[in-house]
């Protein structure tokens, strides 16, 4: 058909007679209506086009028109005539109703209903996007096709165009916008509006903050890199603070500013010369001086010159402050002890070392140079530096040693080390030539020290206890206040009885006690149950991020529950969300799905809303549940030329005779251009018609959409698909966005977590995983680790980031101040304080401190050596007060040349007296003699006997033997040779020594230490050690007396019988025949000759029991001297039995004592005990010995060895 303007008629050809219609379009946009009403206001807006054409017209595609419109709007041009833009200033509701009307424009006609060409409507749903959506309408008169779309204005986003985001970088925010309108904070900014700067990592936000990223500006009263240090009270000297403007004093300090020293004595030790310091008042003290000293600090002696403080001949003058020394020429200093340095001009050449002397100097030259100033090259081989070598070859500026096999080093003094950790239990490996030897510590033995003999070797006694070795174990001698098998039990009166309750252990302190409480109790005596919040004033941060004392109990808004919930704090820092109606989930982030059960009927699409739902009905249905089919027969679509039947979204006309077509308006054809809608093809069947619908449509006239665009459902993650012909829209659930709901909304943008917390993004929720030490929903709260009172009683807890620090009171230590510092007393020695457990050396003795008691070895160190000088004043300056330097006996120099040494002696105290002296023959159970033989070539020049004796006294073995008794070691040149030194060893006092075992073990220990060669360079030259000790043997006449008595009794009876028999026989022979008398010797009586004991001495019988105990001198030679061939022992006869004669001779001398002498080679020591034979050996026949040759015991050192 054709649309004709005015009252024009159509021509026979079907066109308009006068003029066609001037068509333009009006558009009305209003809220969604299940049943569209064309009347009423256009609540969303309206628009109209200019005249677009006449009967039929076609406009360019909407996409090109839209692009052209945007281009013209930018250039200021006119809008495309076919484009209608309806702006709105509200959130797009997504559902809408669109009414489109085609009108005929005629200036000559008053507008009325007749001018309306066609009206169509569409109710549906559409999301904002750039794509166009096509709509097809087939009305009663006209057929319309148009495209629609909804676009958000610039800087508006989301499905409702109500999310505003405009990028900015100013005072009001620092962010950009993503494609979904989410604010993306720039680096260094956080918060909802990206206005909060990200402070420096670790910055304490309770005491500081920042205005620019990376900053940490402290609040008033706080300081430090992270604003975690409080500012102390101004002027606070020796104190600290936990809160600002406080001054908590350190130990021993007091006063408002902690500047008053409460223990001046302990901090400064002002008193000297043994004065006792007393704390009088803060910053004040008093010194109690010993006799002979005055002054505030006991620094001034009463008779300052009495001790002759001026050295080197200086004269002493007492002054008010003490003394002054007037020094002689060449000396200076307060005590005239500073010599003029003649070495200032560096007179020594060739790298020699200059030693300043009085009025001169001495050059100590390198080994390859000699002369007064080291200007001459020396023959290094003259000093025999090569120890284990074939020969020494002198070189220019040096020498070369041709070493023997097995040795190396410049002097062939290094033995190839065969020690590789074989010795156990701390044993010392001694390297030998092609071998090794383990020197075991006390208590261990075996080749590798693998056998334990001494139970105290592992030091089992604790806290200063002294271990005593027993046969079957050990015993600990505990210090005062300790007991138990290992001195581990404190028995001080503070803890007896135990004041600590609830199973706590008591520790004794110096003036108090300390209870180590279990976890559930606290207080002085562990009697107070430990509360979670001591005192009830808890400042625990609750799970919602608020302090419990800062708000009323109940629900509080918090970002953790989102915009649809309220946070409720639970015990233990937890929380719970109370959700608004229609929401559920841990964080109230899930909108309850009210579309469960599919309430919409007849294919309606259910749209979930907050606590409600809405049904989007397909064409042909309406109502809240899409259960109402509107009557499509209204108004009269059959034009009163037939009967109308209502269908779903359609109608059917049964036309009267002569009328055809869908609306009964034609008499010729069943089909026209508008019979089938939405592009359907009409087929005329004479009396009826049939529509072939395109894809996506169905129905008799293709008016029902199949909604095939939502099959399969393109919307994911629970999105609802709303189809409209060949297009669709997705209604996404909260937390999802995008055309098909594939993008999870980033709930972590902008950054919601503080203090380095990590944000975990969920679906419409987020969670902050806080860094260690922080808590709360957004990690802005520093956890107060001190709330649980982790520090022990009496300690102060200081909260820190991710931890705490306990400030301990005096006497306590440990991370929680739970460990007790055992108070011990120091030891004083020669004016020096030594703490408990420390060790030091005094002269030749070793000492250790045990709770105020000095435990020192008791070795008599001898007189102090001094250099003899022609000036008498210089002699006394080298010796302690009260002693004088006197010349020693001649012959003390072992390797000349030696300095002119003397010794400091005094009349009081006198050295201990002992009969055990070197170069004498005295030996008893408290006397041993050691004879040390030296290799003269290895002894350094200037070595004296006193130096060797000092080295032996300083041996650890010597000190260990002198723990309980005074040990005397006296040395002298031996008479046996020029390179031997004799050492006499004895204890003082000797009256309570039971036997000789102590002196023997001491001598053996000293010999073993000397053989190690590791203590002194002098002992490296020792080649042989000879040991002489005494063994007290038992009486040898115990079995001799009864045996001899039995023998003599038998002989006497036999003689009596024989005499009687022989007398009778002779008498009978005289009477019978009187034969001549036989005067020949009867040899059978030879065995009856009297037997004399060769060891009998006048006045003592071998058979008697009244004689004293036999004392046996054992002679042991480990390197025996050779005997000349044919050498015989003294006596009237020698039968060639040299061994027996020698033994008889030894037995015949003295009163039964046997001298035991051992010559010990340095490399190995053997002991071969030679006990006296039994009674049989004493009665054995042997050569007669001239008893006149026997000397007294005092003359015998070792028989046959002198």
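Glycine residues also receive a Cβ, built from the backbone N, Cα and C atoms like all the rest.
Under the heading disulfide bond, Swiss-Prot lists 271-287 (among others), citing similarity to another entry as support. Close to residue 271 (disulfide bond) in the fold, though at least 6 residues off in sequence, lie 265, 277, 285, 287, 288, 289, 297, 298, each with a CB less than 8 Å from its CB.
The feature disulfide bond is assigned by Swiss-Prot to 289-298 (among others), with similarity to another entry given as support.
For 305-316 (among others), the entry in Swiss-Prot reads disulfide bond, with the evidence type similarity to another entry. Long-range Cβ neighbours of residue 305 (disulfide bond) (same chain, at least 6 residues apart, Cβ-Cβ under 8 Å): 316, 317, 318, 323.
If you look up Swiss-Prot, you'll see 327-336 (among others) marked as disulfide bond, on the strength of similarity to another entry. Less than 8 angstroms from the CB of residue 336 (disulfide bond) sit 310, 311, 312, 313, 314, 325, 327, 328, each of them six or more residues away in the same chain. DSSP gives residue 336 (disulfide bond) a coil state; it is part of no helix or strand.
In three-state terms derived from DSSP, residue 412 (disulfide bond) belongs to neither a helical nor a strand segment and is classed as coil. Among the features that Swiss-Prot reports, disulfide bond is placed at 403-412 (among others).
Listed in sequence order, 429, 430, 431, 436 are the same-chain residues at least 6 apart in sequence whose CB falls under 8 Å from the CB of residue 419 (disulfide bond). The disulfide bond feature in Swiss-Prot is assigned to 419-429 (among others); the stated evidence is similarity to another entry.
Positions annotated as disulfide bond by Swiss-Prot: 456-467 (among others). When Cβ atoms from all protein chains are considered, those within 10 Å of residue 456 (disulfide bond) total 18, not counting its own.
Taken from Swiss-Prot, the feature disulfide bond covers 461-476 (among others), and the record attributes it to similarity to another entry. Reduced to three states, the DSSP call for residue 476 (disulfide bond) is strand. Cβ contacts within 10 Å of residue 476 (disulfide bond), excluding its own Cβ and spanning all protein chains shown: 20.
The Cβ of residue 478 (disulfide bond) lies under 8 Å from the Cβ of 461, 463, 465, 484, 487, each of these being in the same chain and 6 or more residues away along the sequence. Swiss-Prot lists 478-487 (among others) with the feature disulfide bond, giving similarity to another entry as the kind of evidence.
Positions annotated as disulfide bond by Swiss-Prot: 495-506 (among others). Every protein chain shown contributes to the tally, and the Cβ of residue 506 (disulfide bond) ends up with 20 other Cβ atoms within 10 Å.
In the three-state DSSP assignment, the secondary structure recorded for residue 567 (disulfide bond) is strand. The disulfide bond annotation in Swiss-Prot covers 544-567 (among others).
On its own chain, residue 691 (disulfide bond) has 675, 676, 680, 681, 682, 683, 699, 700, 701, 702 as residues at least 6 apart in sequence with a Cβ closer than 8 Å to its own Cβ. According to Swiss-Prot, the feature disulfide bond maps to 676-691 (among others), an assignment based on similarity to another entry.
Remote same-chain partners of the domain 'DSL' (150-194), defined as residues 6 or more beyond its termini with a Cβ less than 8 Å from a stretch Cβ, comprise 91-94, 126-130, 212-214, 731-732, 737-738, 743, 745-746, 749-752, 754. Among the features that Swiss-Prot reports, domain 'DSL' is placed at 150-194.
Swiss-Prot lists 415-450 with the feature domain 'EGF-like 7', giving sequence analysis as the kind of evidence. Looking just at the domain 'EGF-like 7' (415-450), the mean pLDDT is 79.
Annotation comment: Swiss-Prot describes 782-818 as domain 'EGF-like 16', evidence class sequence analysis.
For the disulfide-bonded residues 298, 429, the ranking by surrounding Cβ atoms (within 10 Å, all protein chains) places 298 first. The secondary structure of residue 429 (disulfide bond), as reduced to three states from DSSP, is extended strand. When secondary structure is read from DSSP and collapsed to three states, residue 544 (disulfide bond) falls in the coil class. When the disulfide-bonded residues 289, 327, 544 are compared by the number of other C-beta atoms lying within 10 angstroms of their own C-beta, 327 comes out lowest. Measuring Cα to Cα from residue 467 (disulfide bond), the disulfide-bonded residues that fall within 10 Å are 476, out of 412, 476, 495, 567. Its own atom aside, the Cβ of residue 316 (disulfide bond) has 17 Cβ atoms within 10 angstroms in the protein chains shown.
Counting every protein chain shown, 18 other Cβ atoms lie within 10 Å of the Cβ of residue 495 (disulfide bond). Reduced to three states, the DSSP call for residue 506 (disulfide bond) is strand. By neighbour count, meaning other C-beta atoms within 10 Å, the densest spot among the disulfide-bonded residues 412, 461 is 461. Here the candidates are the disulfide-bonded residues 403, 412, 456, 476, 544, and by Cα distance the one nearest residue 506 (disulfide bond) turns out to be 476.
The 10 Å shell around the Cβ of residue 487 (disulfide bond) contains 21 further Cβ atoms across the protein chains shown. Considering only the disulfide-bonded residues 403, 476, 495, the residues lying within 10 A of residue 456 (disulfide bond) on a C-alpha to C-alpha basis are 476. Taking the Cα of residue 495 (disulfide bond) as the reference point, the closest of the disulfide-bonded residues 403, 412, 544, 567 is 544.
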